[in-house]
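Everything on this sheet refers to the single structure shown next.
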Amino acid sequence: MEPRAIVLKLIEHKHISVEEAEFFMNRVMKGEVSEILLSSFVTAMRAKGESVDEVLGCTLALRKNALKPKTVFPFDLLDTCGTGGDGQGTINVSTLSAITLASLGVKVAKHGNRSVSSHTGSSDILARLGYQTEATQEEVEAHLISRGFTFLFAPMWHPSMKYAGSVRKELGFRTVFNMIGPLSNPFSPQFQIIGVYQPELTELFIKVLQYLGLKRALVCHSRDGLDEFSIFQTTDYTLLENEVISRHSFDPRTLGFSSLKREEVYADSSEHAEVLARRVLNSEPIAGTHAVALNAGAGLFVMGKVKTIEQGYKIAWEALLSGKTRKYFEDLISKE
């Protein structure tokens, strides 16, 4: 295979195979592809529209070149990493729901990064709340064993991504790189929730997760444009269970929500995002707390801890309102 020939196929609006995508991205991860060729590759793929095989191939290359954990974890893992990029400016729902899930006994390996399109990425908000996000590999693995929660800072675990950094920054628009990050948790969790920035990606992502062999996974996009479960509008999601894919919708009205304030979910700055996150963790019954409970409830559903998302929401809501999640997080950061 020759990288230029692969790019030419994409320019001609032809799909490339899993093998071709993996070959090209593997060369990128080794610093063997010029920035001009890489820019052409991701731009042509974006213009054509990324296929399942292309995203899968690029994901396999990123996983192959990531750091590998030295620990064999004796339990099932969940990740709540999403694509971001929905442009909505909501609080860090997936991060706060990950903390809530960990407080309920779910082992969470949260894979994330600094802000890309929002005011605060998962790394940013955790740091603002007092959590050490840039720990060593040994510390990250030890935290999961001892605390049931850990954070994998993507740049540390994917050092080969440095070869793509300047191209991504210069282009400034979403490419296949925005897709493969959430699919490339180095701890290879068996369970995963991914929120995506476009509705059609729920189908693409669940098929990639199916190939990757996850036990159970869920990919969602809400009808008001969020890459998470919405408390305001119906959320459409695909579910992978026992290697079978199914399609569903969740209407938050089934939870009896009324008079929820959007300003309690949306942040206009990193400082505002921190204020809202602290209000959620401090058990205030605001809209943001409902949003976190709903998404944590979906996590309990994916893990098989409950039979429905509604049941999961009620358990997560109680953990947040009772102070259980707050106490867990306080214990977590007191050990930093």
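Even glycines carry a Cβ here, placed using N, Cα and C.
If you look up Swiss-Prot, you'll see Gly82, 85-86, Thr90, 92-95, 110-118, Ser122 marked as 5-phospho-alpha-D-ribose 1-diphosphate binding site. Sequence annotations record features per position, and here Swiss-Prot assigns anthranilate 1 binding site to Gly82, Asn113 based on sequence analysis. Feature annotation from Swiss-Prot assigns Mg(2+) 1 binding site to Ser94, Glu228; the stated evidence is sequence analysis. According to Swiss-Prot, the feature anthranilate 2 binding site maps to Arg168, an assignment based on sequence analysis. Under the heading Mg(2+) 2 binding site, Swiss-Prot lists Asp227, Glu228, citing sequence analysis as support.
Non-local contacts of Asn113 (anthranilate 1 binding site) by the CB criterion (under 8 A, 6+ apart in sequence, same chain) comprise Gly121, Ser122, Ser123, Phe153, Ala154, Pro155, Gly181. Within 10 Å of the Cα of Glu228 (Mg(2+) 1 binding site), not one of the binding-site residues from the list His111, Arg114, Arg168 places its own Cα.
Among the binding-site residues listed here, namely Gly82, Ser94, Asp227, Gly82 has its C-alpha nearest to that of the residue listed as 'anthranilate 2 binding site'. In sequence order, Gly121, Ser123, Asp124 make up the list of same-chain residues 6 or more apart from Arg114 (5-phospho-alpha-D-ribose 1-diphosphate binding site) whose Cβ falls under 8 Å from its Cβ. It is 10 Å from the Cα atom of Thr90 (5-phospho-alpha-D-ribose 1-diphosphate binding site) to that of Asp227 (Mg(2+) 2 binding site). The Cβ neighbour count for Glu228 (Mg(2+) 1 binding site), using a 10 Å radius over every protein chain in view, is 27. The C-beta environment of Ser94 (5-phospho-alpha-D-ribose 1-diphosphate binding site), restricted to residues of the same chain at least 6 apart in sequence and closer than 8 Å, consists of Thr80, Cys81, Gly82, Ser122, Ile193, Gly195, Glu228, Asn295. Asp227 (Mg(2+) 2 binding site) counts 26 other C-beta atoms within 10 Å of its own C-beta, drawing on all protein chains shown.
Fewest other C-beta atoms within 10 Å: among the binding-site residues His111, Arg168, that description fits Arg168.
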